[in-house]
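First up is the structure itself, then whatever we jot down about it.
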Amino acid sequence: CDVDENLWPNIQERQEKIVLSGMAGSLAHQGSPNPGYNAHNPVTVPVPTQTDSRDKWSKKMDFLLSVIGFAVDLGNVWRFPYICYQNGGGAFLIPYILMAIFGGVPLFYMELALGQFHRTGAISIWKHICPIFKGIGYAICIIALYVSFYYNTIIAWALFYFYSSFSTILPWTNCDNAWNTPDCTNYFGMDNVTWTNSSRSPAEEFYTRNVLEIHKSSGLKDVGGVRWQLLLCLFLIFTIVYFSLWKGVKTSGKVVWVTATLPYIVLFILLIRGATLPGAWRGVVFYLKPQWEKLLETSVWVDAAAQIFFSLGPGFGVLLALSSYNPFTNNCYRDAIVTSLVNCLTSFVSGFVIFTVLGYMAEMRKVEVEDVAKDKGPSLLFITYPEAIANMMGSTFFAIIFFVMMISLGLDSTFGGLEAIITAVLDEYPDQLSHRRELFVLCLVVVCFLGSLSTLTYGGAYVVKLLEEFGVGCSIIAVGFLEAIAVSWFYGINRFSNDVQAMLGKAPGLFWRVCWVGISPAFLAYIIVSSLLKAPPLTLFDYKYPDWSITVGYIIGFSSFMWIPIYMVYKLVWTPGSLKQVSGFQVAQKML
């Protein structure tokens, strides 16, 4: 592990006295008693100096709602239900829970503890942990940018639907609109309607031919012009994002009281409505009926691991940023358990909300639920569910609240993702940017808006899919893997455990230490290897992505990860002394 030449003077400034007791490397902050000190086990650890200028959460609930809002996103509503039924229904819950216990939650807890102890963002935190891994912080910020380029476009689609919902008859109810084709087939309330492979529902044609207008694009080679309606929707979304983040956690902490709680009210209303629909029980049975033989398939365990990782969101730098504004002695262990449980339960309940409606649609079409549940990803939220809503009593009301829920879920995750970038950059360059937060946030939002323009074209949905697969995908899992290794093996599990003890007054138990050292990194390595070995062909609707676009995708993925080895080489070249001398200095430092 390399040593930042500026690290030792910083430690001397922040730690006024060195205490040689307990274990090697223990430092004590002079002044008030260290909250991690135990009379029976006299180990003291460094307590980072807390500057008065750093923002703090106004209330504990502001922090909890922000974390829940980030973790509970659109993927909980569309990805978990689909993956669950595809991988064995109720049987899938076994690998999902095991992967959560041994992989997702320990990593979630680790990030909350790191951010709270070191009180800094994803870039500058590495000079306290292991400076040679600082490239991880830059990679996290670039990945967060890629996410903002496509994720907010999905929210803009939801805003378009929200606006379109203010009508007596929802525009995706029938086939009498200008955008409809002869293949449009409306089977609700009709007798003797034959559904064929070429049939398209009114909701599907509204999404593809009116919202996206994807028929005007032949693929990634010809994405066409920008849809001005979506451009306006995206502008409104980023305006909300800017005024929610520009003043820091004092403003975003208030906004999440609406955006993080409203989805649960809407989910409860939709769950009650779905349960009363004819055929709802068919969807629930299809959702939960266990297929035990699926547990013998490796892909099921890979999907469970990937789902819990992307659902909880360790490795994105968001948990580091949000927890860095906590009081030093905040119980981050309890926060990790509570927010993880809320996240997983939300995913499970969302499955009932989705599949009661799919059962209803199967009943109306007189087909099997499996034939209705073919849509996945955004199509499930923009085609399948709106189609069912359009044929309910009170369709306008349910459409409005459904898309309000989607917008709220999306905004919360955007707040978290951009706050990770903001906190990381401001903490890395405090002298230049600490008093210019509003300007920096404005510049960041403009960059994200401009980067999203390609996703607003007629072929923008193809770009969204490409960025979703390669801009995040394996890159963020690899970043999370290196982060876990750097903390557990280079920084040291004993030192990290002492940090946790300093905050909570109690060291982590054996279970957490074993997970951090071995099980959680193995969990991430398992996802990476499996994803690379079995990469499925990339398709969207009837479009198969050409080989050159897959190459572009890998370049996008590597463009974020590459900063990790680049920074390692940079530090090794520019740090004074030979590698042997540098290593010797670090060993001496640890023995103090």
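Placed from the backbone N, Cα and C atoms, the Cβ positions cover glycine too.
Residues or ranges marked as transmembrane segment in TrEMBL: 63-81, 93-114, 135-163, 226-245, 257-281, 301-325, 337-362, 388-411, 439-464, 470-490, 510-528, 548-570. If you look up TrEMBL, you'll see GLY69, ALA71, VAL72, ASN76, SER311, ASN343, LEU409, ASP412, SER413 marked as Na(+) binding site. The disulfide bond annotation in TrEMBL covers CYS175-CYS184.
Shown on the structure are the features that TrEMBL records.
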residue : record             : contacts (Cβ under 8 Å, 6+ apart)
GLY69   : Na(+) binding site : VAL256, THR259, ALA260, ASP412, SER413, PHE415, GLY416
VAL72   : Na(+) binding site : ALA260, PRO263, VAL342, ASN343, THR346, LEU409, ASP412
CYS175  : disulfide bond     : CYS184, THR185, ASN186, PRO202, GLU205
SER311  : Na(+) binding site : ALA71, GLY75, ASN76, ARG79, PHE80, GLY104, ASN343, CYS344, SER347
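At the 8 Å Cβ threshold, with sequence separation of at least 6, the transmembrane segment (337-362) comes into contact with the transmembrane segment (257-281) through 3 or more pairs. The transmembrane segment (470-490) shares more Cβ pairs under 8 Å with 510-528 than with any other stretch in the list 93-114, 135-163, 439-464, 510-528. Just going by CB pairs under 8 A, the stretch in 226-245, 301-325, 439-464 that sits most against the transmembrane segment (93-114) is 301-325. Under the criterion of 3 or more C-beta pairs below 8 Å, with sequence separation of 6 or more, the transmembrane segment (388-411) and the transmembrane segment (510-528) do not qualify as touching, having fewer than 3 such pairs. Contact between the transmembrane segment (439-464) and the transmembrane segment (548-570) does not hold: fewer than three of their C-beta pairs are under 8 Å, each pair 6 or more apart in sequence.
Residues 61-62, 65-66, 68-69, 72, 346, 349-350, 352-353, 356-357, 359-364, 388, 392, 398, 401-402, 404-405, 408-409, 411-412, 415 of the same chain lie 6 or more positions beyond the ends of the transmembrane segment (257-281) yet place their CB under 8 Å from a CB of it. Neighbour counts of Cβ atoms within 10 Å were compared across the recorded positions CYS184, LEU409; the minimum falls on CYS184. One way to see the shell of the Na(+) site is to take the Cβ centroid of GLY69, ALA71, VAL72, ASN76, SER311, ASN343, LEU409, ASP412, SER413; the remaining same-chain residues with a Cβ within 8 Å of it are ILE68, PHE70, ASP73, GLY75, GLY313, THR346. Between the transmembrane segment (548-570) and the transmembrane segment (301-325) there are fewer than 3 Cβ pairs closer than 8 Å, counting only residues 6 or more apart in sequence, so the two stretches are not in contact. Remark: the transmembrane segment (63-81) contacts the transmembrane segment (301-325), by the rule of 3 or more CB pairs under 8 A. Packing against the transmembrane segment (135-163) from elsewhere in the chain are residues 74, 121-126, 211-212, 229-230, 233-234, 236-238, 241, 315-317, 378, 381-382, 386, 399-400, 403-404, 406-407, 410-411, 413-414, 417-418, 420-421, 424-425, 428, 447-448, 451-452, 454-456, 460, 463-464, 467-468, 471-472, 475-476, 479, 482-483, 486, 556, 559-561, 563-568: each is 6 or more residues past its ends and has a CB under 8 Å from a CB in it.
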